[in-house]
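Database features, via TrEMBL:
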| type | residues | note |
| --- | --- | --- |
| DISULFID | Cys149-Cys185 | disulfide bond |
| DISULFID | Cys150-Cys173 | disulfide bond |
| TRANSMEM | 12-33 | transmembrane segment |
| TRANSMEM | 53-76 | transmembrane segment |
| TRANSMEM | 83-107 | transmembrane segment |
Amino acid sequence: MAGVSRCLKYSMFVFNFLFWVCGCIILGVSIWIRVSKDAQEDLSINNNNMFVGVDVLIAVGSIIMILGFLGCCGAIKESRCMLLLFFIGLLLILILQVTGGILGAVYKPQLEEGLNLTLTEAVNLLKDNTENAKQVQESWQKFQLQGQCCGLVNGASDWGNNINLVIDGKKVCECEQKYQEENLCIPFGDRYIFKQPCKTVILDFLQKNMDTIMGIAFGMAVIEKTELCCANG
């Protein structure tokens, strides 16, 4: 029995050390993104909503670091106080993860409706000629090239009279030869443009990642439940 207890003790220590390292990485990277102008430019972080996401990552990284520290020290020193705090923290995270996973599954069908509403409101910026709109258009052109898509909801018509706008030496939505060979383009006037609207690309990405996030949430819940049992044992 002593050998089993020692095995559980060091297994718990190793797991929580890795947990702590992950927290350090998340915290360090998120703080770097928050304070570095170069990182914000490279990742196109230019509005308050994106900064909120970075702040959330800072909070998550901090919590993971604290829990990892409590788990490591509690396991190696066999401290009941630290293990109790660790147990409470994991229990709260377990509840939040299961709740988040359930809510994600329930509200998944509403994702497309919310995305449509948001993108429809943003279409006007593609047709506008204000300075603020030009910044959005430049950012969106980069996204179109990366996602091989055109417009927001209805394709080229979302750009209105700006469909022939030249950004960084290319007309918006312009489809290069290599993409034409992959059947990603359609003829448009004297050139080719990407045939699918960017809404399709965004929706596919969100749906795929929602499945991943839900899987991670439930998977982590199982792992944490196991560790809770070990902490109690």
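Cβ atoms here come from the backbone N, Cα and C positions, even for glycine.
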Proximal but sequence-remote residues of the same chain as Cys173 (disulfide bond) (Cβ under 8 Å, at least 6 apart): Gln144, Cys150, Gly151, Ala156, Trp159, Ile163, Phe188, Ile193, Phe194
Cβ neighbours of Cys149 (disulfide bond) where a neighbour is any other Cβ within 10 Å: 23
Neighbour-count leader, CB within 10 A, disulfide-bonded residues: Cys150, Cys185: Cys150
